[in-house]
């Protein structure tokens, strides 16, 4: 045998490696599972849980200032005025004339062909666009306290008169449209409602009862533990009439109140809060999409369906007008239903939720791995196994289910607090720049007038977005240590 220094044996090497491996990451988890070696087998070591050895970084929240937000009634009034302006410009695009020519050339001496306009259709569209404003007026009047019988009686009479007037105009215009137009044209009048009922009424995001405003903190503990395996315990089947009633009530109700956030410490409560906020956010987005498409449909598309076959209009410009109306209506409704305070609430919940990154098989084979536990708060960088896959903790505070795609999507959207605001700002800024470019290249008087009127409305929306972006950007960039906040 040649001489020389002999290294340690394989048994001695494995024995010396185990304590360092356990001390590095923390041994077994709180649910009785331990580390795993390269072959995937568990190493039975008695060690304290991982949260006792590696404390997750505490979650700190920024305090944002209270930014002014338009009230429900003020917003509905401004939104209704904007829709009326866009409806007026669409009628200009369709029924414009060359009124500056001498009288011996054209047969028209006015700027529009008023004799071709269907006033019953215009009144019908106006009533449909005013539905949210009328309901906001009634809701606002109902919330006002009345101390005398006379004021209360006047309030009831005013509500009845307003509803009767709107109902009479709606019925009168509908009857006249039935008399003067074909059945095919009349199908376009209620097309949005016909599409809304099957798409939205039967898809309620697995929820049957409205969740409390504090996102599940009033839910009993038994239901919280059942919700860890799925929120099916809170779901009860509904019939068609109940779904239809609830969906129509959502369309007419004022914007819902913003839920609260109390920085829960239990992983079950955090996941329950995320499920609640996810359902609330989906409902708000559904309302934004439907109302923006509804407004663009009745403002820019429905007048085109009732144009006579002998009437010429610029199809490309009318379609472009339709797209611009829809985009701006989408941004206006998003800024109202997704205010900065609500986006900050989603960001705080995402900070507590965390995220897991799925790794390929065979990677990090020498690193310690744990079995994921639903009752453990996992720090950043920890490797866990769940559903035969390997995941790495991305956030500083992780309680999300690794295989749950909705949790990863929620964290991606809201872990940066300005992501939604930046997206809306880019959309509105691009729209304004395109309208300015179109205004510079416009050669027809109706194009210039329509773009100028719509730009006047878009400037207000762009100003609000820029103001919120500048203020919130400064607030979120401020060091957290200067607030003197306690970690949650």
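Heads up, residue numbers simply count up from 1 along the chain you see.
Yeah, the Cβs are placed from backbone N, Cα and C, and that goes for glycine too.
Range with Swiss-Prot annotation transmembrane segment, chosen from 30-50, 51-71, 72-92, 219-239, is 72-92.
Among 180, 446, the residue that Swiss-Prot annotates as N-linked glycosylation site is 180.
When the ranges 319-339, 340-360, 361-381 are checked against Swiss-Prot, the one recorded as transmembrane segment is 319-339. When Cβ-Cβ distances below 8 Å are used as the criterion, the transmembrane segment (446-466) is approached by residues 78, 82, 85-86, 88-90, 92-93, 96, 317, 321, 324-325, 328, 331-332, 335, 421, 424-425, 428-429, 431-432, 435-436, 438-439 of the same chain, each at least six residues removed from its ends. Sequence-distant neighbours of residue 180 (N-linked glycosylation site) (same chain, 6+ residues apart, CB-CB distance under 8 A): 118, 120.
Contact between the transmembrane segment (110-130) and the transmembrane segment (319-339) is not supported, since fewer than 3 Cβ pairs fall under 8 Å when only residues 6 or more apart in sequence are counted. With pairs at least 6 apart in sequence, the transmembrane segment (420-440) and the transmembrane segment (72-92) have fewer than 3 Cβ pairs within the 8 Å limit; the two do not touch. Within its own chain, the transmembrane segment (319-339) is flanked in space by residues 67, 69-70, 75, 79, 82-83, 86, 89-90, 93, 255, 258, 284, 287-289, 291-293, 295-296, 299-301, 420, 424, 427-428, 431, 435, 450, 454, 457-458, 461, 464-465, which lie at least six positions past its ends and keep a Cβ under 8 Å from the stretch. According to DSSP, residue 180 (N-linked glycosylation site) sits within a helical segment.
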